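Q: I have a structure here, written as C-alpha cells, and I will follow up with some questions on it.
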Amino acid sequence: MNLAAQAAQTAQSPGFLSPSGVEVAFLLVGLVTLGAAVVSVTTKQLVHAALWLVVALGGLAVEYLLLTAEFIAWVQVLIYVGSVVVLLLFGLMLTKAPIGRSPDADSANRPVALAVATAAAAALVWVVADAFRTTWIELDGPARGTTGVTGEILFRHWVLPFEALSVLLLAALVGAIVLSRKKPEGERD
Amino acid sequence: MTTTTLAVLVPLLPFLGAAAGLAVGRTAPGFVRPLAVLPTLAAAVLAVLVAVRQGGNTVIEASTELTPTGSVPLTLGLHIDGFAALVAVLVGVVASCVQIYSTGYLRDDPRYPSYAALVSLFTAAMLLVVYSGDLMVLLVGWEIMGICSYFLVGHHWETPEARSASLKAFLVTKLGDVPFLFGLFALAADAGTFRIDGILATVASGGLDHPTVVALLLLAGVAGKSAQFPLHTWLPDAMAGPTPVSALIHAATMVAAGIYFVARLLPVFAASAAALTVLAVTAAVTMVGSALAALAQDDIKRVLAYSTIGQLGYMAGALAVGDRGAALFHLLSHAAFKALLFLAAGAVIHAAGTNSLTAMSRTGGLAKRIPDAYWTMTVALLALAAIPPFAGFFSKEAVLVAAEHTALGDRPGVPAGAGWTVLAAGLLTALLTAAYALRLWLRAFRGRGAEAPDHGRQPIAMTSVLWVLAVPSLGFGLGAFVLDDWFDGEPLTPTLTTAVLGTGLAVAGGAVTYAVWRTLAARAVPAAPAPHVAHPDADAGLVEAEALHLPHPAEDPADPGRALLGPLHGPAADGFRLDALYARAFVRPVLAAASLVRFLDREVVDTYVRGAAGTAKGLGWLVRRAQTGNVQTYLSALLAGSVVLAIAAVALANAFAGA
Amino acid sequence: MHLAYPAVLAALLFCVGLYGVLARRNAILVLMSLELMLNAVNLNLVAFDVWLRDALHAGQALTLFTIAVAAAEIGIGLAIVLMVYRNRGTADVDRLRDTAEAPRGTDEKAEAAA
C-alpha cells in the first residue's frame, strides 16, 4: 500500500476535535475496556480480577462490532468470555486461590514492572500516534466482517492454515489432558 | 675412500655412537660398552689414517654449502692442515683411552650409558672443532662441548659440589662465549665469510678493519674455554666430575680447543700487537698464579687442575709470541701426560680412598699396591716437570725457545715485551712446576703410616690405559725433530741456553722441595690418620664420589708446600680469593637484581594478576546476583532492554529523518 | 474513524497486560494478563484489516487463528499451573526458583538432607 498516496488521500480527513458518533462510542467503550483491564491487573481479589477480565474482553467485543467485524466479535464473546474466563475461574478454584483480598497478589517485581510497562506504553503510544495521526478508516460501505464474508474467505483462502490449526488444537487438547491427569499413587513423574 | 670421506667420518662416528648409546642405553645394556668404545676407537684410527694421508704439509680443503644463508654464507667445510690432523689424532687417542678407562672406572655406575654417550658426543664435538673449516660450524662444536662438560662435570649430581661445579663451568665458559660470538660476527663482517681460509686470506691482504677489537673479543672466549686468567676459576671446581671426565675435558680436549682456535687464527691475533701483549700478560699471570696455587692445594685433582691451567698458560704464551708450532707441540705432549696424570690420579684415589694429599701422606704402602699407577704417574710427573728426556721437556723448551726468539727481536710484528714476559714467567713457572710435581709425588707415594683399606684389584681396563699413555709421555719429545714439517716449519728443537736454564730451574725447584720435605718429615710428629672411604670392591667412580664428601684434614705442618709458600699459602690455597672477588663483584649484584625482580614479580606484577582475577570474580558475583531464578525478573530485564532498544531505534530514525 | 483510536487503545491494553505479566504473583493471574496482551494484538489486527480493506481479509483470519491458539494456550497453561500446584502446593511464580544461583553451602545441605 502506498503510504504517500494514503497520506494524501487522508489529508483532508476530519480532525480529532469533531468526532463522529462511532468514534465517540469507540472512545467510551475503549475507556471502559481499559479501565476494566487496569482493575483486572491491579485488584487484590483474584476472582474479581477474572470478572473484570470479562468486562474488558466484552468491551473489546463491542469494539470489534464498532469496527464492523461482527463474526470476530461473536467469537470473542463465545470463546473468551464463555470459555477462557470460565477455564481461568476453574483454575483459580483448583489452585485454592483465596477468596477475598489477598495482600500478596503482586510480587516484589511490581515497581520494575510498572516502570517497564509505563516506558513501553509511552514509547508505543508515541510511535503509534505519530504514525497514524491522520489515518482514517472508512467504515461506510459493505461490512468487512460479516459471518458470510468471513466464512467465505476462511474456507476459500485460509483452509490449509485452518486445518493445521485444528491439528494444533487437538495436540493441545491431548497435552492438557495428559498434564492434568492425576497419577496413580506411587507413580512419579 | 678418499681422505675427505675419512675425515668426515672421524667426527661422525663418535656422534653416531653417542646417538646409538643414548637410544639403546636402557633397553640393551650389553651394547653400551661396545657402542662407547668402538666408534671412538675407530675415529682415532681414522684420524691416524687422515694424518698419514695428509702428510703434514698439504692442506685439505673441502666444503659444501647446504643452503644460501644471506650475505655471509655458511658452509660445511673441512680444513685439515698439519695442526688439525695431529690434534685430531690426539683427541681420538685420548678419548679412546678415556672410554676404555671408564668401562673399568664406572663399572657399576647406573648412569654409565648416558655418561658414555656424552663422552662420545663430546669427542665428536671436539673433532668437529678440530676439522671444521668454517667458524660457525666450529662454534657448534664449541658449544656442544660446553653443554657436554656441564653434564659430565655434574655426573655425581647428588652432591652439591658437583652441581655447583657444573653450573660454574657452564656459566663461566658462557661468560667468555658471548664476546667470542660477537668476535666471530665482527670477524665475519670484516672478512665477508666464516670460512677460515677466507678469513686468513683477508688478514693476509690486510683487509681486517678492527683487528684489536676482534682479537680481544675472541680472546675472551678463548680465556673461558682454555681456563686462562681471569676466567680460569671453573676448572679447579670442575674436578668434582669423575676423573676420566677431567682427563678428557680438562686436560686433552675442551681446554685445548681455545688454544687450538687461536693457533688456527693466529694471523688474526698477530695483526694486533695489543692483543698479543694482552695474551702474553694473561698467559704469564695464569702460569705463575696457577703454579703457586697448585703448590698449596690439598686435593690431588685440584693440584692437577691448577697445573693444567699453568700448562695452558704456556701454550697461550707460545701463541702470544707468535709461534703456534710450539703451542701445538706443547698441547699435544701436555694432553698425553696430563690425561695420564688424571687417569693415574683416579687409580690413586681409588686405592687410597681419599683425594686429600695430606691423608695420603699419612698412609703407607700406596706405591706398592698400585705399581701401574705409581710408575706411570712418576713418568707423567717427570714430563710435567720438564725433565729431559720426557715429552714435557721438549715441548716446554719449544715454548721457551720461541719466547726467547721473540724477546731478542727475531720475530717481526710481535712485541719483544711479550717475549720477555712469557720467557720470565715461563722460567719461574718451570721452577714452581717442578716443586709442586715433586710435592705431589712425595705426598702421594712416600706417605708413612697405616695402610689404607683395600678396595680390590683395579680392572685391567684402567691399568692398561695408563701404560698406553705413558708411551707418548715418555717418547713424544722426539717429535720435536719431526713435527716441524707438520707445523709452520719453525724448529722445535731445544737450544742450549733455555734448556740449561729451564732444566736447572726445574731441578733446583725439585731439590728445594725435597730438602724441605725431608726436614719437615724428620721433624713432624706422627699425626692421626685422616678419614678414608672404606668400601671393599666398590667401583672406582663410587669411591671417588664418596671421597668428595670427606673432610680435608686440617692444616698439615708437614706439607712442604706450606713451608715453601710461607705467607702466600693461604691465598694460594684459595685460588687467590678470586672466587670471593667474583662473588662480591658479580654474584651479589646478580642476586640482588634477582631479588629485585622477584619482588617486582611477586608484589607488582602479581598484583595486576590478582587484580584481574579479583575484578572478574567481582563481576561474576554481580552477575550471579542477577540469577534469582525468578522468571519475572528475567522477563522484566528482557523487556526493559527491548523497550530501550526500540526507543533508541525510533529516536535515531527520527534524528536521521530530521537530518 | 481515526485509526489512532484502536491503535492507541491496543497499545495501552498491551502495556496493561505487560504490567500484569510482570507484576502478578499468581500464575493464573499472569495467564489472564497474557490474554489481555493477545487481545490487544487482535484489536490491532482487526483495525488494520478494516483500514486496509484487504481482499484476503488476512487480519480477520489471523485474529480467528490467534483466538484459537490462545484458547489452546490457556488450556495447556492451566494444565501446567495445575500440575505445578499439585507438585509444590503453590502457584506463585516467584517461588519457582529452582534455576536460581544457589547460595554457597546449599548444595551440601541438600546432599546432607538426601
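In case you wondered, yes, glycine gets a Cβ from its N, Cα and C as well.
Sharing the feature lines straight out of TrEMBL:
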{"type": "TRANSMEM", "residues": "B:6-24", "note": "transmembrane segment"}
{"type": "TRANSMEM", "residues": "B:36-56", "note": "transmembrane segment"}
{"type": "DOMAIN", "residues": "B:68-115", "note": "domain 'NADH-Ubiquinone oxidoreductase (complex I) chain 5 N-terminal'"}
{"type": "TRANSMEM", "residues": "B:76-100", "note": "transmembrane segment"}
{"type": "TRANSMEM", "residues": "B:112-129", "note": "transmembrane segment"}
{"type": "DOMAIN", "residues": "B:132-403", "note": "domain 'NADH:quinone oxidoreductase/Mrp antiporter transmembrane'"}
{"type": "TRANSMEM", "residues": "B:199-224", "note": "transmembrane segment"}
{"type": "TRANSMEM", "residues": "B:245-263", "note": "transmembrane segment"}
{"type": "TRANSMEM", "residues": "B:269-296", "note": "transmembrane segment"}
{"type": "TRANSMEM", "residues": "B:327-352", "note": "transmembrane segment"}
{"type": "TRANSMEM", "residues": "B:373-394", "note": "transmembrane segment"}
{"type": "TRANSMEM", "residues": "B:459-483", "note": "transmembrane segment"}
{"type": "TRANSMEM", "residues": "B:495-517", "note": "transmembrane segment"}
{"type": "TRANSMEM", "residues": "B:634-657", "note": "transmembrane segment"}
Q: Tell me, please, if the transmembrane segment (B:327-352) and the transmembrane segment (B:373-394) are in contact, taking contact as 3+ Cβ pairs under 8 Å between residues separated by 6 or more positions?
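A: Contact between the transmembrane segment (B:373-394) and the transmembrane segment (B:327-352): present, because at least 3 Cβ pairs are under 8 Å.
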Q: Pairs 6 or more apart in sequence, C-beta under 8 angstroms, 3 or more of them: is that satisfied by the transmembrane segment (B:269-296) and the transmembrane segment (B:199-224)?
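A: Yes, since the transmembrane segment (B:269-296) and the transmembrane segment (B:199-224) share at least 3 Cβ pairs closer than 8 Å, they count as touching.
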Q: For the transmembrane segment (B:199-224) and the transmembrane segment (B:112-129), check the count of CB pairs under 8 Å (sequence separation 6 or more) and say whether it reaches 3 or more.
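A: They do not touch: fewer than three Cβ pairs between the two stretches lie under 8 Å.
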Q: Under 8 angstroms, Cβ to Cβ: which one of B:6-24, B:112-129, B:245-263, B:459-483, B:495-517 has the largest number of such pairs with the transmembrane segment (B:76-100)?
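A: Per the Cβ count, the answer is B:245-263.
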Q: Do any residues of this chain, six or more beyond the ends of the transmembrane segment (B:6-24), have a C-beta under 8 angstroms from a C-beta of it, and if so which?
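A: Same-chain contacts beyond the ends: 31-32, 35-36, 38-40, 42-43, 46-47, 49-50, 53, 60, 62, 78, 80, 88, 92, 95, 113-114, 116-118, 120-121, 123-125, 127-128, 131, 141.
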Q: How do the residues of the domain 'NADH-Ubiquinone oxidoreductase (complex I) chain 5 N-terminal' (B:68-115) split into helix, strand and coil according to DSSP?
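A: Within the domain 'NADH-Ubiquinone oxidoreductase (complex I) chain 5 N-terminal' (B:68-115) the tally stands at 28 helix, 5 strand, 15 coil.
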